[in-house]
Amino acid sequence: MTTHPDLPYEQAKNKEYLAKLEKKLQRNPLADVERNVLWIDAVDHQIKANGFHHPLLGRVGCDSDDEELRDFYIGSRFIQDGDVQVYSWAAPIARLFFQPESEGSEDVVVRRTFTHRLTDVSDLDDDWAREGADSPFTARALSVPVPAPGRSTRRRVTPAPAGSSTPTDAEPSSPIGSAERGAAALPATTKARTGSAADIREGMRAQDAVLKRLAAPREDKLQSVLALLQPDQHALVSWPVDESVVVQGHPGTGKTVVAAYRASYLVNPALYEQGGALAGRATKPLRVLVVGPTPGYVAHVEGLIKPLAASEQVRVTHLADLMAETTGLKGPWPGAIGGEHDDVDAQARNFAERAARIFESNNRWREGNGARRENIRQVYELIRSNGTPGRPLVEDVEQISWMRKLPPFDQAFKRRYLPLMAQCRLAYSPIPDALRFDHIIVDEAQDVSPIEWNVLDHYLRREGRWTLVGDMNQRRSDVTYGSWSEIADHLALTADGEFQPQKMTRGYRSTGAVLRFADRLLPAKHRGNQTVQATGESVAVRRAPRPNLVWTTALQTARDLATKHADGSTAIITVNPGEMIGELGRSGWRRKGSGFHVWQKDNLSVRLFPPEDARGLEFDAVVVVEPGDFPENLGRTGQLYTSLTRANRELAVVWYRNMPDALRRAARS
Ligand SMILES: Nc1ncnc2c1ncn2[C@@H]1O[C@H](COP(=O)(O)OP(=O)(O)OP(=O)(O)O)[C@@H](O)[C@H]1O
């Protein structure tokens with residue numbers, strides 16, 4: 001493989017950028033400067049404390065008389081320091097890099113995209129917009145400064161006089177009209193559902209870099225793809241900050257990537273600096289909450305956000321954790337969400353609030369030690385008894401019957417009742433405004449139940465906005481909403497009831513072979529899942545020779561795949577992890593760490609997941625065991641569909657008892 005002749009130069013430029021950024025970060029955030037500058041610098045300090053700053057993303061060369069536009073870099077932050085001209089990826093000018101069709105792009109001659117190894121630039125790819133044109137990139141003199149000693153330099157912003165074009169510490173204003181922000185930039189490819197592999201790659205940018213990246217082994221945590229964001233992804237990430245947005249996408253289309261970068265975008269200082277979309281509220285940056293499905297998800301995405309956003313501005317958590325935190329009660333909360341439909345009904349909010357009013361009319365809320373538990377108990381027990389004889393909460397017979405079936409408070413510490421407990425807490429003690437968020441981003445939003453939406457809603461400030469991403473085909477329970485319209489209606493996202501989510505249709509994670517196999521589980525009108533990874537190993541379907549050999553066969557298959565993908569990851573997904581744990585133990589595999597997810601033997605490692613814990617994750621190879629045992633909801637197989645589509649490169653299915661008809665057909669075709 002030949003390396004690009006400019007690679008050493010760009011590597012040195014990246015080092016120079018990181019060194020200059022480092023120097024900038026050494027400023028004392030408490031220095032006496034304007035307040036917006038103060039928090040922006042403080043954000044930098046916190047990002048630095050998190051580990052590292054994101055390296056340069058790429059470079060744009062334009063045919064322009066304007067020196068600032070002729071040759072510039074895109075990075076995590078704006079830096080204009082001598083020879084280094086870097087604009088923030090969140091500034092409007094970055095559209096020239098991410099959106100080849102955006103206004104002003106006709107002047108772009110070449111877009112250079114960097115690939116990274118940690119904070120180094122390891123490769124680069126040029127996309128020429130004008131074939132045969134001279135390179136506008138100027139080979140400026142290199143200087144790689146040694147990081148400066150801990151010297152504190154105060155930064156002062158002197159407002160530029162009106163009409164002045166003197167560069168300040170702010171980014172230049174957008175070459176793109178404001179009407180074109182976000183939504184308008186979604187390209188036609190987001191609407192197409194059928195077509196060949198060539199079609200699905202149409203409209204992509206940095207295609208070679210993306211394909212190289214997808215061919216590399218995956219790691220436990222998502223690795224940055226900020227430099228590789230596609231035009232449709234970037235449009236969703238930079239959706240107007242004062243609007244909510246809902247995104248539906250097949251597995252592996254990059255919804256989690258959009259969610260993580262949307263959070264980072266909303267707090268990027270470029271939005272708060274002069275000319276930015278949030279310049280007016282520079283002294284009060286947005287607080288953003290990202291809610292995912294599981295603890296594994298939190299670990300999986302945090303790495304995308306940490307180099308770009310301070311933890312104080314973006315909090316990443318998972319649904320059960322937020323519910324438990326809301327109650328303030330110690331768990332554990334075993335089991336799963338579900339149970340009866342009424343357990344998750346949005347009505348619980350009204351019941352809890354009425355119960356709290358009844359209690360308050362004759363009693364005082366407890367304070368001090370153990371008060372929270374007692375207060376929640378009071379509200380809960382009043383729901384259970386349908387209020388008091390003189391003041392019932394409801395008259396409806398079915399609702400009364402559900403209330404009667406609720407277990408006594410001390411036996412209700414189960415995941416099933418956790419949102420109800422959270423609702424009981426909120427009924428007497430709302431979330432203080434300082435702890436609420438300006439923007440809530442929910443991933444795997446199809447799996448949030450009505451009562452959980454109500455609890456989440458308590459965390460949103462009055463003028464707050466939502467970004468919801470998910471896939472209705474991956475819905476795993478009947479007790480959650482079956483359509484985006486219902487969710488939009490619940491959250492009052494639409495005035496007229498008509499609601500269409502934005503659609504992402506270009507898959508990245510899995511090969512065509514994996515997706516064609518999993519696709520068969522969907523109703524015909526929802527099929528057509530497409531991927532940029534057109535080729536790949538066919539799906540292996542193995543029937544164990546005898547029922548008691550199904551776990552042995554599954555482990556042998558996983559071992560073979562782990563050997564083949566030794567640099568990547570292999571996972572076994574089963575609804576019966578206990579049986580698999582037994583087999584792993586008998587075969588000499590040992591668990592790594594305190595959980596049961598990672599097992600090792602002979603320098604190999606395999607991961608083990610029940611389907612609910614595998615949501616949002618991905619592995620190079622996946623073995624799904626006994627697909628016929630995966631639960632269905634309303635005739636749909638969301639959990640099985642999600643599990644099959646966790647595979648990036650190879651999928652195997654091992655069974656003995658029962659193979660769903662759709663998968664039998666898929667295996668034959
Ligand atoms: N623009 C891109 N360039 C390269 N890789 C990408 C790009 N977008 C997404 N990916 C990769 O595709 C994989 C799937 O992305 P992601 O997890 O965001 O998909 P998803 O839509 O959330 O999937 P699911 O709903 O199945 O959980 C990840 O490995 C991600 O890094």
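Even glycines carry a Cβ here, placed using N, Cα and C.
DSSP assigns K255 (ATP binding site) to a helical segment in the three-state reduction. Annotation for K255 (ATP binding site): same-chain Cβ neighbours under 8 Å, separated by at least 6 residues, are V247, G249, D443, V469, G470, D471, M504. The feature ATP binding site is assigned by TrEMBL to G249, H250, P251, G252, T253, G254, K255, T256.
Annotation source TrEMBL lists domain 'UvrD-like helicase ATP-binding' at 228-511. On the 0 to 100 pLDDT scale, the model's mean across the domain 'UvrD-like helicase ATP-binding' (228-511) is 92.
The region 'Disordered' feature in TrEMBL is assigned to 139-200.
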Reduced DSSP state (H/G/I helix, E/B strand, rest coil) at G249 (ATP binding site) is strand
Show which residues of the chain containing T256 (ATP binding site), separated from it by at least 6 in sequence, have their CB under 8 Å from its CB. L222, G292, Y297, H300, V301, D443, V469, G616
CB-centroid shell, 8 A cutoff, ATP site G249, H250, P251, G252, T253, G254, K255, T256, site residues removed: D471, M504, G507, Y508, R509
Under 8 Å by Cβ from G252 (ATP binding site), counting only residues of that chain that are 6 or more apart: G507, Y508, R509, S510, L515, T531, E618, T645
Entries of G249, H250, P251, G252, T253 (binding-site residues) sitting next to ligand 1, with Cβ under 6 Å as the cut-off: G249, P251, G252, T253
For P251 (ATP binding site), which residues of its chain lie six or more apart in sequence with Cβ-Cβ distance below 8 Å? D471, Q474, G507, R509, S510, L515, A518, N529, Y641, T642, T645
Same-chain residues six or more away whose CB lies under 8 A from the CB of G254 (ATP binding site)? V225, Q230, Q233, M504, R506, Y508
